[in-house]
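Since the structure comes first, as structure tokens, the remarks are kept for the end.
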Amino acid sequence: MSWLFGLNRGQPEPPGVPGFPEPPSPPGGSGDGGDKNRPKDKWSNFDPTGLERAAKAARELDQSRHAKEALNLAKVQEETLQMEQQAKIKEYEAAVEQIKNEQIRVQSEEKRKTLNEETKQHQARAQYQDKLARQRYEDQLRQQQLQNEENLRRQEESVQKQEAMRKATVEHEMELRHKNDMLRIEAEAHARAKVERENADIIREQIRLKAAEHRQTVLESIKTAGTVFGEGFRTFISDWDKVTATVAGLTLLAVGVYTAKNGTGVAGRYIEARLGKPSLVRDTSRITVVEAIKHPIKISKRIFSKIQDALEGVILSPRLEERVRDIAIATRNTKANKGLYRNILMYGPPGTGKTLFAKKLAMHSSMDYAIMTGGDVAPMGREGVTAMHKVFDWAGTSKRGLLLFVDEADAFLRKRSTEKISEDLRATLNAFLYRTGEQSNKFMLVLASNQPEQFDWAINDRIDEIVHFDLPGLEERERLVRLYFDKYVLQPASEGKQRLKVAQFDYGKKCSELATLTEGMSGREISKLGVAWQAAAYASEDGILTEAMIDARVADAIRQHQQKMEWLKAEGKESTKEIGKNPLQPLLEGTPV
């Protein structure tokens with residue numbers, strides 16, 4: 001016991017105390033060299049002075065009065081050290097237990113991983129077994145299919161062989177039958193020839209008798225027929241009443257055939273002139289039998305309708321409106337007094353109201369109107385002259401008077417001196433000039449053209465009044481915008497039957513703005529704007545026409561109008577270049593009639 005000698009008093013663990021086992025020393029000795037520096041004798045370095053000091057201390061302790069207290073203190077220290085060692089032992093045991101638990105957890109984890117791996121291996125093995133089974137099954141199916149195909153091929157080969165054998169048998173039978181037939185026919189021919197050779201004199205006698213009888217029969221028939229016809233003709237000639245009746249009947253038959261043939265043609269032309277419509281006329285207000293049958297209500301409304309204002313729905317400048325109103329009044333008075341109508345030429349840009357005014361003029365004057373286009377004349381070729389005469393013949397049969405409106409008249413009423421006009425078109429133009437050479441109280445001729453300078457001089461001579469329809473000004477454009485906005489937008493929206501609504505904005509102000517933006521546009525282009533607004537509203541999801549949609553359509557129309565103007569300028573430059581190539585061409589054009 002070292003504590004008895006006063007040694008190692010501050011150490012936490014006295015030597016030789018039973019309890020926590022000391023860890024073994026590492027193999028190979030201490031770090032100071034191992035067996036190399038270890039002494040050969042274990043008692044060679046023993047120091048006996050320590051024992052002497054211990055013995056001396058023990059004697060002093062026994063002689064001291066505090067020996068008992070020192071002993072108790074040593075016991076207490078020893079107990080404290082033992083308790084500390086026990087606590088360390090418990091900690092060590094807890095650490096060992098934790099290590100065991102960790103080992104158990106690791107073993108469980110390894111076992112779980114092993115089980116998972118075994119499960120995967122089992123699954124892989126099962127999948128592989130299933131794959132092998134499927135492959136075996138597919139191989140079996142393939143083998144079975146190959147076997148079936150082989151059996152089928154063998155059956156087909158067997159059938160083909162049987163069919164070949166059957167065909168060979170049939171061919172052999174046919175060949176034998178043919179040989180037998182040939183032998184039979186040959187035998188019959190030999191027998192027949194032998195019989196004919198033996199009976200040749202009898203056969204010749206029979207033929208001779210039949211020919212004599214036939215000749216006698218024919219001669220007797222000719223004699224009998226001649227006698228009958230001769231007696232009949234003699235009887236017919238002797239009776240003059242029969243001769244007269246026969247001649248009269250043949251004459252009446254010939255006259256009837258000729259009359260029916262020519263009368264049908266005359267009746268057809270009369271019906272076509274009175275009731276039909278010529279092929280050149282595209283549109284007419286004149287009532288025909290076919291239209292009366294197809295549209296009886298429309299025809300009845302037209303008959304009983306009141307006289308309309310000539311400028312109703314037509315928006316023109318004040319000066320032009322005053323002039324065309326005078327023309328309408330003069331035409332109406334001419335119709336009432338059965339005077340001679342005046343021919344009018346209306347020229348100007350397209351879409352300025354020429355066709356609309358012609359229709360309104362006819363309705364205002366209680367006249368029928370017929371519209372034909374100049375572009376329909378040229379394709380007719382040689383039939384153009386006949387068609388032109390049919391138009392004027394049909395116009396002359398109108399009881400109310402007819403306003404014949406020729407739209408795009410410059411398409412066929414060109415100068416005859418130019419090389420571009422064909423002979424058929426030249427003949428049609430001559431027919432037109434012939435039928436319009438004098439004033440008429442049956443029809444009124446109204447020509448419309450965008451290029452009146454291309455007219456033949458004789459056409460200009462037949463015109464009594466020239467009216468220029470210019471593009472609408474600011475005031476006219478505003479009236480047109482308001483008219484078509486009301487017609488295509490406001491009226492459908494107010495009826496409530498259609499899917500069209502208008503957003504809230506100042507309509508009057510917007511119409512004034514649009515009139516300013518649409519400078520240079522014609523009335524037709526403005527009307528198309530109204531249709532575009534309506535289409536935009538129908539195309540929207542909610543059916544509401546907004547101010548932005550109106551502005552977008554107007555901007556698009558302005559861009560298109562500018563593009564058209566650029567094309568027109570380019571075309572004008574090209575025509576100017578062509579005229580510059582032949583400076584004598586304007587002097588050669590025009591042939592007065």
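Yeah, the Cβs are placed from backbone N, Cα and C, and that goes for glycine too.
Taken from Swiss-Prot as is:
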BINDING   G348, P349, P350, G351, T352, G353, K354, T355  ATP binding site
COILED    51-215  coiled coil
COMPBIAS  12-27  compositional bias 'Pro residues'
COMPBIAS  33-44  compositional bias 'Basic and acidic residues'
COMPBIAS  53-64  compositional bias 'Basic and acidic residues'
COMPBIAS  109-121  compositional bias 'Basic and acidic residues'
COMPBIAS  150-164  compositional bias 'Basic and acidic residues'
COMPBIAS  570-580  compositional bias 'Basic and acidic residues'
REGION    1-64  region 'Disordered'
REGION    109-129  region 'Disordered'
REGION    145-164  region 'Disordered'
REGION    570-593  region 'Disordered'
TOPO_DOM  1-242  topological domain 'Mitochondrial intermembrane'
TOPO_DOM  261-593  topological domain 'Mitochondrial matrix'
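Of all the binding-site residues listed (T352, T355), T355 has the fewest other CB atoms within 10 A of its CB. In the structure shown, the C-beta of G353 has more C-beta neighbours within 10 angstroms than that of any other entry among the binding-site residues G348, P349, P350, G353. In the three-state DSSP classification, P349 (ATP binding site) falls within coil. Residues A448, N450, F469, S522, G523, R524 surround the recorded ATP site, their Cβ atoms falling within 8 Å of the Cβ centroid of G348, P349, P350, G351, T352, G353, K354, T355, which are themselves excluded. Taking H, G and I as helix, E and B as strand and the rest as coil, DSSP gives the region 'Disordered' (145-164) the counts 20 helix, 0 strand, 0 coil.
Note: K354 (ATP binding site) has non-local neighbours M346, G348, D407, A448, F469, i.e. same-chain residues 6+ apart with C-beta under 8 A of its own C-beta. Helix first, then strand, then coil: DSSP counts for the compositional bias 'Basic and acidic residues' (53-64) stand at 11 helix, 0 strand, 1 coil. Across the region 'Disordered' (109-129), DSSP helix (H, G, I), strand (E, B) and coil residues number 21 helix, 0 strand, 0 coil.
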